[in-house]
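A.B. asks: Dumping the structure here so I can ask a few things about it.
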DNA sequence: CAGTATCCGCATCGATACTG
DNA sequence: CAGTATCGATGCGGATACTG
């Protein structure tokens, strides 16, 4: 991204906020999970059912990432059987706002892109 | 994404515009290339120099993808030596608008995220 | 100058068996 | 119910030699 200064002291510093955020939403599931949580709190298996084609593995991993970055909260109720609820934080909600702009753009221009691709094929 | 109907006839159809667009901007270079082209036309090697740490390979591949989707144009001037110029299309420019919202969000909240991560580590 | 072809390492993701 | 651990396939991305 931006040219880094030749200073290995800060190898673990994230120099580029955009990359850092894009890595998160660019992955397979993060955005979808956040959108799914947008209406309200959900439990682990409820999330799995809502999303439909995600594995336990990926749901678990992605949720942990999102929690770690402060996009969602994880609340454990030590009942029997266990209950764990996931919810968007304010940060998570605020993220979905600019994201919604992009989603709208995607929906609006998707056809144009698909057509461009087909045209390119036939060249 | 959205539950697909059980119809394998359309396996190559892109059911989800969001995924489709995100797959493109979620990759390592597409967005950076488009931002680099935003001010104006650039030649292949000029792009390499501007970006700095991209390989010929990836620049070539990504440019082709972007051209294919209609985000940029590629103009060949058959001089000696060869000259090829890349420029954003209207679609490309229009894409950068909602994207700018997201970039601003990322810049604004990046510190918050980094802090959240560190806090999580120490838990 | 502007690429393409080839090869390879590495991270990502999925399936599944197992655990508290 | 809510995960984690393990394994394996797949594909992205980098390095570099080669081409028109």
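The backbone N, Cα and C atoms fix where each Cβ goes, and this holds for glycine too.
Here's the feature list from TrEMBL:
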DOMAIN    B:16-114  domain 'HTH hxlR-type'
A.B. asks: For the domain 'HTH hxlR-type' (B:16-114), how many residues does DSSP put in helix, in strand and in coil?
C.D. replies: 63 helix, 14 strand, 22 coil
A.B. asks: Looking at the domain 'HTH hxlR-type' (B:16-114) alone, can you tell me the average pLDDT?
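C.D. replies: Reported value for the domain 'HTH hxlR-type' (B:16-114) is a mean pLDDT of 95.
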